[in-house]
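Data block below; observations after.
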Amino acid sequence: MADEVVDETQSGGFFSNLLSELIGSPLNLLLLAICLFLLYKIIGGRRDTTPSAPKPQIPRLKKKDFALEQLKEYDGRGQDGRILIAVNFKVFDVTRGKRFYGPDGAYGVFAGRDASRGLGTFSLNEDALKDEYDDLSDLNMEQMERVKEWEMQFTEKYDYVGRLLKPGETPREYSDTEDEHSEDKSTEEKKKN
C-alpha cells in the first residue's frame, strides 16, 4: 500500500509537486515573485521602445580662428548650446560631449575657455585657467606632454574648428574644403621658410 501512495504522488506529476512546494512557504513565494519581477525587467528591457523625437543637431561650425573673448561666447549657455574648448592653441567643438563639458558637466569649467593649462596640470580649478592669452611657456615638459596627449584625444573625438589667436594676431581665412591637416602643413611650410 505504501508503494501505491508513492506511485500516486509520482503520477500526480512533477509540476503539481513543484507548485505545492512553491506555494507552501512564504519564503518560496517571495523568491518566486523576485524571480518573476527580474525576468519581466530583463524581457521588458529588450523591447524596442519608440524613442522620442531626436534633438535637432546643430549645424557644423564653419572653420574660423577665435580670440579668447570670442571663445567665451561658446560655453554651452548660449541659444544653440554650442561648446568650444581650446587645447594647445587649437579650438574644438565639444558640443556632443555636453555631458562632460556642459555647464553641469565634470569638465564644465573648461567650456568656452583655453583648457590647456588645466589639462596639463590636472587641475579643474578656476585658478588653473587664465582669462588672458596663455602661451604655456611656464609648463614643464611632462605637463606639455599631457597637453599634447589631450590635444590628440580631442583631435580624434571632436571637430577641429580653428586656432586660438594670440592678441593682435589676424584670423586666417578657411575654405570650405580645408581641414586641420592642411593647416598643420601650412604652418610647417612657414617654419621652413
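Using the three backbone atoms N, Cα and C, a Cβ is placed for every residue, glycine included.
What TrEMBL lists as compositional bias 'Basic and acidic residues' is 182-193.
Residues belonging to the domain 'Cytochrome b5 heme-binding' (66-165) score a mean pLDDT of 92 in the model. Annotation comment: TrEMBL describes 66-165 as domain 'Cytochrome b5 heme-binding'.
Under the heading region 'Disordered', TrEMBL lists 166-193.
What TrEMBL records for 22-40 is transmembrane segment. Long-range Cβ contacts of the transmembrane segment (22-40) within its own chain (Cβ-Cβ under 8 Å, at least 6 residues beyond either end) are absent.
Across the domain 'Cytochrome b5 heme-binding' (66-165), DSSP helix (H, G, I), strand (E, B) and coil residues number 39 helix, 18 strand, 43 coil.
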